[in-house]
Amino acid sequence: MASVYFIGAFLLLTLSSFLRINCRVIAATPLTSAIRHYEPLYYDVESLHAEHHRVKRSSQKNIVWELSAHGKKMKIILKRDTSIFTNDLVVETSEGPVHWDISRVYVGHVLDDDTSYVHGVITKDGLFEGKITTKDDQYMIEQSKRFFKDPQKFHSVIYKAGDVKDFEQGCKSKALLQKIQSKLKPEGVDRPQSEMSVEGNFHDHKDFDEKDKYTKVYQRFKRTIVPSKTECAIYMQADHLYYQKQNSDVHAVIEQITNHVQAVNQIYASIDFDSNGSPDGINMKIKRIKVHTDPNAIGYKFDGNYGVEKFLQKFSEDNYTSYCLAYMMTHRDFNDGTLGLAWTGNLTLAGGVCEKYAIFSGSYASLNTGIVTTLNMGSDVPPIVSHVTLAHEIGHNMGSDHDPETNSSCVPGNPNGNFIMYARSTSGDKTNNNRFSPCSIAMMGPVMEKKARGTDGCFTAPTANICGNEIVETGEECDCGWDSQCTDRCCNKQSDNPAAGETPCTLKKNIAELGGINATCSPSQGSCCSADTCDLVTAAENKTCRAAGECSEASYCNGSSFECPASVNKPNQLTCSTGICSDGVCSADICPAWGLVGCQCSPTVDGDYKDVKLCQLCCKQNVTGAECKSTFEITTMPNTTLTSGKPCYNYNGYCDVFLKCRQVDPSGPLSMLRNLFSSDGLESMKAWLTTYWYVVVAGGVGFFVLMALFIRFCSVSHAKDPNRVEELNSDESDKKSKIKNIFSTKKSYSIPSVEKSSHRPLPIVRPNHTLRINNKECHKLEPQKLESGHPQYKHNHSKHDRPTVHQSWKSNEWKRKVDHEDQYISNRKPSRRPPISLRPPRLQRHNKVGQSP
């Protein structure tokens, strides 16, 4: 058996060596089935929320925000995003209009990274939710409560696009709509013959080397371009399932919708549709948002279980002529893994961007629509994937079909990945995943210029400002919002029916409550404007316009500006809640304040995760080969430990609440197997098998040897004749006696004498039949039920002698008459050997003694 153990150990060692070689694939902290790895994110929520309120009254101020994650430290500059909403934005639910603070939407960049882009929303709780795009990676930040039922030590999570699994299925627009869209001709509308010829080539993608032909057609439409038309007013809706998925929180739904449109704008703004060498700056602006909170509301028609085609058709029944596009967000699991569906734009057929509400095939419909779901085959779709899905479906509206897989320039595959209009979804972490291919741009160009950006197109030129969004912008004196929310006596509010002589977003004149004076300023401009006097707050009043922070002094109005003066920073190296002060910000990384750089300490003994030094803050000199030391070992620095969830031991673990470094991959073998059989894992396995082929051969031989040994030593042999009657040894005598079953056709039985043995089991006797012992006839016995406590009950009910319903008796004694004398067979102790059942054939029971069957 030692050889068996040796071979088993060899196979385990082979597998473990492969897993160690591929440790980069295995090590992970999964968040969901679709997100293979995440990290907890910590930052000062109160500080970020206070910064948001500080810049809310001024468009000139930015938020400086620091965070550390995935081995990187990023300083992010955020500013208000004033390009995401139209100036007549409407937000409503099933119950009616609601107010949502649009000043919480931000865009920005990472300091020292010119190619970076940041967009997101500061929630009502002061948390940032959005995406960070750098030159190397994309990061998604979400609230931890979306993924954990119980409260966590960390309020947010951050994960990379590369840690999101690929969704193999995705868009079904072409397959599902080709059979419908060709029948949807607008009634009473004739298309020019020249456009019909374009349509014929437009959908023939068998040979996409004809891309030049589309470009030539596109050039004919360039003469109709209105370059200033770059904005598309969009209507976003969310059904009741999407609302319920967001914990029935209207604000959360609006935040998610806003994030999706921001991500789309990041993609479309960089496209050069008119081939003038510079991006066209296409921008989707949300004009209306509706959240369907009540599935029982009057007129709501999406409470049923619909397929993807039917769902889009029902959504298209309403009139969306006032918008260039209308989209519905849902959380439904459609067939075949469909993530989205949209009407494809075309020069001759109905459908796509700017399509008007009209009669199609006998009924009214709006074909400038699309849908996106965040549920795919039972798994939640991460926002970083659904962002690209929305951009993909809008690409169909703009006139693009899927990229042809026969064209390598439009479907290049790895290492840079495929483009947005690839037929299947992508994870979004490759260079091309957030870009349109040359094929897509060539298809979208003619449709965009003819239907969207032409003289008759529905795109509009950007407006200089948005009055009513509570943001003071260029051309505005003040902005206190709409009449339903404005309480500012110094500013004229935005209204559908402004009063005579009142221009919205201007300072009021002849204010009756103040004796007919004109307003000098408005609180909407800054916190140093008095709401009572509509004038600047004087320095003598010593009004605190910004409270002191951990790393900044309090600020006071100086009487010369309606904006609050900048705060004075407290000294660097001052201890604060999450670390030390650095340039007015409380930073968890205290190393730079002493001229050092942060690092992760290694244990004194390699592999010792219990070493307390692993969860202590460590620093080193900013030179090659410098030693990484704990702050507990540097006398000039305060002793500082890492917060819970921070990475440790060269990112091989994380610190828990007890400051112990825990190895990553808490899901253990399940995570290993899941990642091992992913696409990356299979490629790594293939390379490993090619290199170490001899290990595979040796393992195969060992496996067959192991199976042979297993069969040799562990197989069970059976008796040739299982019905053979064995001889029993008597405990009282060495004599051997044989027991034979003799079944008589006259229902009489002969058995050996039982008088000399006190340990043999009693013979089985059928009731109402003659029993013969030593050729002497016995009395016929009456069947009675044996009491459970009786010893013979235990014997008769043993597993070796399974009784029938007839084998129960009133007494443990069998009365019989031999030579005219009564003899009794007393209770007998069962033999140590299992009793042999001498079971006669089953006979029919009769009620009278002696009655024949």
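Counting starts with 1 at the first residue shown.
Even glycines carry a Cβ here, placed using N, Cα and C.
TrEMBL does not curate its annotations; it predicts them automatically.
The annotation in TrEMBL ties HIS392, HIS396 to Zn(2+), and of the candidates under consideration, HIS331, HIS402, the one tied to the same site is HIS402. In the predicted model, the domain 'Disintegrin' (464-572) shows an average pLDDT of 87. HIS392 (Zn(2+) binding site) is surrounded by 31 other CB atoms, counting those within 10 A of its CB over all protein chains shown. Here the Cβ of GLU393 (active site) has 26 other Cβ atoms within 10 Å, regardless of which shown protein chain they belong to. Counting other Cβ atoms within 10 Å of each Cβ, the binding-site residues HIS396, HIS402 show the lowest value at HIS402. Taking the Cα atom of each, HIS402 (Zn(2+) binding site) and GLU393 (active site) are about 10 angstrom apart.
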